[in-house]
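Quick notes on the structure that follows.
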């Protein structure tokens, strides 16, 4: 039923109204459906974050051309994070009432709009509007697609996470490569308008209806591990039925999620505190790399680490995600000490630490959502995935509040 995915997107509405629907098409071969869904979620993860990464890089170029001030650069960070934060805060309260198809369409349109706005921008204001649209697209897309995984075997979480990790690496490299090849930022952006189209095509044309293979695609060990600890299972429970949860049930499930949400918030706090506050200050003069080149290497190695670890779930699964939190906080303390004391003799040691930082952040993301999928009941899984999405954005927001002032303070130290 691969091409019928679009017709399924109103599944939650048809369930609520209990109306008759057309007989389903014969199910695809199980192995074929698993691969279509795996590739589909990988492309969705790639496209959802790819547009955001590329557009944000281009917005910084536009601001540079407009000779934007430091305050305007900080405005980019606010426009980048605030819309996503608002969407993820409100999502558990009412986003489930909207069918998936309109949400995906809005995400795709906002992604395309961000490209177009920034490409034709001649002012800081328009560039910031493009950042806002990209933030809306990314935030709405992440909430939508992660909650959508509740309808599929939990293996798709690994593919989604791998795609999002690949977006950071491929997005920044493709933008850099095209601009270095001679294309202007404007033409580079316009050449990438196919990304939102690919996202929509993957969702409407590639994903299969989840019902025929649910809960297929899981190995025996993983099926045995499905022991709902968050929420209670009832005979009539089914994935995607979170629309009928009471406020009390939502609060109970959310409290159960805190043991996963809090560690992930702290991982992202430490991670982006390093990225936003310390990267530019980790400067080595005993190397042929310029300051800007060192910064770009840090970013690339970080994204590489994230991609590798977000793709590692099939090789390594971690239940105790708080261990990753502790290690990431130790990273922050160590690098902050080096900024103040300059005791590391070589930039290559920093390269290793930054790659390791990316490993920890990516592993925390994919293992957190995989553990939530395993430990929530079918009835609560869609809501749980939706609610847990706030973790990374909240951590990034908290780090921005502290990292930017600290960065400015450290810059003025003698």
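In case you wondered, yes, glycine gets a Cβ from its N, Cα and C as well.
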Stated TrEMBL location of transmembrane segment, expressed as one of 131-149, 188-206, 207-225
188-206
Tell me which of 14-31, 104-121 corresponds to the transmembrane segment entry in TrEMBL.
104-121
Here TrEMBL annotates region 'Disordered', and of 1-32, 33-64 the range meant is 1-32
The transmembrane segment (157-176) vs the transmembrane segment (343-366): three or more C-beta pairs under 8 Å (separation of 6 or more)?
yes
Cβ contacts the transmembrane segment (343-366)/the transmembrane segment (188-206), at least three under 8 Å, sequence gap 6 or more
no
Which residues of the chain, 6 or more past the ends of the transmembrane segment (104-121), have a CB below 8 A from one of its CBs?
9, 47-48, 51-52, 54-55, 58-59, 62, 127, 129-134, 136-137, 140-141, 144, 185-187, 189-190, 192-193, 195-197, 199-200, 203-204
